C-alpha cells in the first residue's frame, strides 16, 4: 500500500507542475490537472492504476476532499446574496438542466430509432447529461479571482444543478430499470439521496458556526474548519453504512450544507477571513479532485464511440447554452449572465463521459 500512496502523491506533484506550465501559456491550471489525470490514470500510463481508484483509503480521502470542495461552494450560498436573484436562479437552473435533458434525450432517441436500438436508452443519455461538475467551475473562479454577476450566479447554480441532476438521473434510471429488469431502486430513495446529505451537514455546520463566532486567531479558525470537515465526513460515513448502505452519498452536497449553515452564522468580515485562511487547503482539495475526475476517463471507449461521442458533446452543449440563455433572458438576469452562463456550465464529469 505504501508504494500505491507514493505513486498517487507523485501523480499529484506531476499534475501540479503541469498545471503551472499551463499558466505560462495563459491557460488555467485545471487543464493541466485534467490532462495529468487522464495521462497518468489507469487507461494510459497507469501511474495511478485501477487498484488505487478502487482502494478504500483512496475513496475515504476523496470523500473528505469532496466535503472540502463543497465547503467553498457553500460559502456562496449566503441568504442576503441569494435574495438578489431569488426565483430567477431557480428558474434558470431548471431551464438549463431540463432543457439539456430533453434535447439530449430527443437527439439520441432519433439516432437510436434509425439504428434499431431501444429508444428509452436515449433518456439514459439525457439523464447523464444534466449534471455540471462543480469543481472545475470553482477552480477557475478561485484561480482568476473572478467577481461579478456570472460568478455570483454560477456557483449557487452548480449546487442546484447537482440536485436537479440527482432527481432526474435516478428517476429515469429507476423507470428504465423497471422496464428491463425485475429489480430497481425504489422511487422513495431519490429524495433520500438529496435530503440526507443536506441533513447530515446541518448539525456539524451549526456547531462549527458557534465555535467560529468566538474565534479570531487564524490558526484556531483553520484548525476548527479542518477538524469539522473530517467530523462531517465521518458522520456521513456512519449514516451511509447504517441508513443507506445500498447507495453512495453525495459528499460535495454534504460539504455545501455544512458550510452554508456556518457561513450564514458569521459576519461578512469573518467569512472573508475564513475563505482567505482556507484557500491553500482548497487548492489541494481541488487539485486532488480534478485529477480524480480525469483518471477514470477511458479514452479508448470515448474514441471508440466515435459519432456517439460527438453527438453527445454537441447536443449537451447546445442544451446547456440555450437553456441557460432562455432562462436568464426570461428572468431578466444581467446581459453578461445571459451571454456567458451557459458556457460556464459545460464542464462535465469524466466518469460520465466514459
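First residue shown is number 1, and so on along the chain.
Cβ atoms here come from the backbone N, Cα and C positions, even for glycine.
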Annotated stretch (transmembrane segment, per TrEMBL) among the listed ranges 30-48, 334-352: 30-48
Spatial neighbours of the transmembrane segment (60-79) far in sequence, C-beta under 8 Å, 6+ residues away: 134-135, 138, 142, 152, 155-156, 158-159, 225, 229-230, 232-233, 236-237, 251-261, 263-264, 271, 274-275, 278, 281-282, 284-286, 288-289, 292
Contact call for the transmembrane segment (119-141) against the transmembrane segment (221-243), three or more Cβ pairs under 8 Å: no
